[in-house]
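Participant: Below: one structure in structure tokens.
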Amino acid sequence: MMSGVAWLLVLLLLALLVAALRSWQRAPARSKIPRAQKRRVEALQRMEALARRLREQEPSLDPRPILELPLDRLVQKLRDEELSLESVLCSYLEEALTVHQEVNCLTDFLDECEEQLQALKKLKKTERGLLYGVPISLKDPFNCKGHDSTCGLAQFLEKPAAKDGVIVKVLKAQGAIPFVKTNIPQTLFSAECSNPIYGQTLNPLRLKKSPGGSSGGEGALLAQGGSILGMGTDTGGSIRIPASFCGVCGLRTTGYRLSYSGVASAIKGQKSVTTVAGPMARDVESLVLCLRALLSEDMHRLDPTVPFMPFREEIYSSNQPLRIGYCESDGFTQPSPSMARAMRLTSRLLQDAGHQVIPFSIPRIEYAVKHLFVGGLFADGGATLLEKLEGDIVDPCMKTMINQLRLPDLLKCFLAWILKYIEPRASQNLEEMRGVRTPKKLWEQHSAVEEYRQEFIARWRSLDLDVLLTPAVDPAFDVGYSGKALDSFSYLHLYNVLNFPIGVVRVTSVTPQDEEDLTFYKGYYGDSSDTYFREALQGSVGLPVAVQCIALPWEEELCLRFMKEVETLVKNHREAEL
């Protein structure tokens, strides 16, 4: 028989072999990452060179007046030739490079923007699209011919897209000039913005804070003025979290209102939680202009699975009073003091403007965010996600989730049982991460999602609501906290299950009183997620606080109208206080 020392040596040898195997598996990833980092350096050098060439054409150019223009006025000046295409592109190239130096938000420069600019100059005035000459930034996964769409994964490196995605084609047809791609978290399955290829993106409003994810590079670039319009994607808040953390606007559209063809994904095939594309900008009117441009015949022609539904101006421009559902708390995540105050302020302003505000409660919230959202995303037990990470370096923002997914099923089951009495929400996460395990259970899961949607819509219609107002999740978290306080994003996760259009609008900023009140925050569960949520928000005085404006499926125009109303009322209120 072997002695205890011998067994110990065997176990140590096995551990070393496992470590060596993992190191060998990661070797391909390690070899690709330095090459990708070098390509980014070279791309940004070409970006600087183009900015210099454009600057030489107009040496006296002052970019500030251009950068301060709202999108609609910028487009008008470009169409009327009061501004040159070169001066606008130069201004945004220079500003984007400056912002990147501060927060590390760019992943690639789209060299073809120079060629596109020259093509636009040849157009007749009648041929100029709604976004004529507008430099636009794109989140990493939007396919651009000749460029990688990495999703922060080494597996996706050195596989340049063969053609532009549908949304990119439509944007170009409308005269927009895509000029950069922006950073994301590894796999896009995180509210952080970090990956082993391009590193950590910071929040320009406060560098110790996260810009959110997964469209964090977009949020950071827009917030600091390095872009005037961007495109993001949203699976569980990936447009809305960066928008609220960075103080900009974002719209999560109804699934299939915009094409998702030509957008890379780490997980394809899951249907319970709808991933969508949507615009991000500094104000609501910019989102409206972008959606007008995207909802063209080109969108349906290029992707016939997308219904041809042009932007309905009569709904957006209506001034009829609204019946607004009001939900200050979902009953799962206790709103922070600033979130609750933002809701009360917005409700009061809406009522003073003649709108009706009706209390609304979320049905079966725990069931929705745990069984339907978490269970839907991980119906395969995380197998697809783990497959994409084979041979890769796991980013710190993903390690907790990936370590949980890698646990043997029996151990997940045992830990879920133990945690049930200590950390019930963590217990539910582990249970749902086990997956559905049979095709029959998968069909049952899909059916449960549809039944819940109908239940939610029935409650909505019983109150004869037009729209719904809820908190966003803010202010911005400290870097590294999003994975620890994941349960606090229930306000966002729910609407991906429901597949409702939903937008984020900034309404206020964190006050010293909010910060003081935060010290008494306990949360509804008093668990580690609630504790981390409180810690993540500390040191936030002056940072933006937003609300969410929600409509029923296919009612983007009504959602935007509601967002515009909130934005206008808040602006008037702020000016009245000065």
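Here the Cβ of each residue, glycine as well, is placed from N, Cα and C on the backbone.
Per TrEMBL, active site, charge relay system is recorded for K139, S214. Annotation source TrEMBL lists active site, acyl-ester intermediate at S238. Under the heading coiled coil, TrEMBL lists 103-130. According to TrEMBL, the feature domain 'Amidase' maps to 89-560. Look at TrEMBL and you will find 1-20 tagged as signal peptide.
Have a look at these and tell me how they're positioned relative to everything else.
Facilitator: Long-range Cβ neighbours of K139 (active site, charge relay system) (same chain, at least 6 residues apart, Cβ-Cβ under 8 Å): K181, T182, I184, S214, S215, G217, E218, G230, M231, G232, T233. Annotation note: K139 (active site, charge relay system) sits in a strand segment as assigned by DSSP.
Taken residue by residue with DSSP, S238 (active site, acyl-ester intermediate) is part of neither helix nor strand, so it is coil.
Confidence for the coiled coil (103-130), expressed as mean pLDDT, is 98.
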Participant: By a simple count, how many Cβ atoms lie within 10 Å of the Cβ of S238 (active site, acyl-ester intermediate), its own Cβ left out?
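Facilitator: Counting Cβ neighbours of S238 (active site, acyl-ester intermediate) within 10 Å gives 32.
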Participant: What kind of secondary structure is S214 (active site, charge relay system) part of, going by DSSP in three states?
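Facilitator: Reduced to three states, the DSSP call for S214 (active site, charge relay system) is coil.
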Participant: Where else in the chain does the coiled coil (103-130) make close Cβ contacts, counting only residues six or more beyond its ends and a cut-off under 8 Å?
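Facilitator: Beyond its ends, the coiled coil (103-130) has Cβ neighbours at 40, 43-44, 46-47, 50, 75, 79, 85-86, 89, 96-97, 138, 140, 144-148, 150, 172-184, 197-204, 207, 211, 216-217, 220-221, 224, 226, 289, 292-293.
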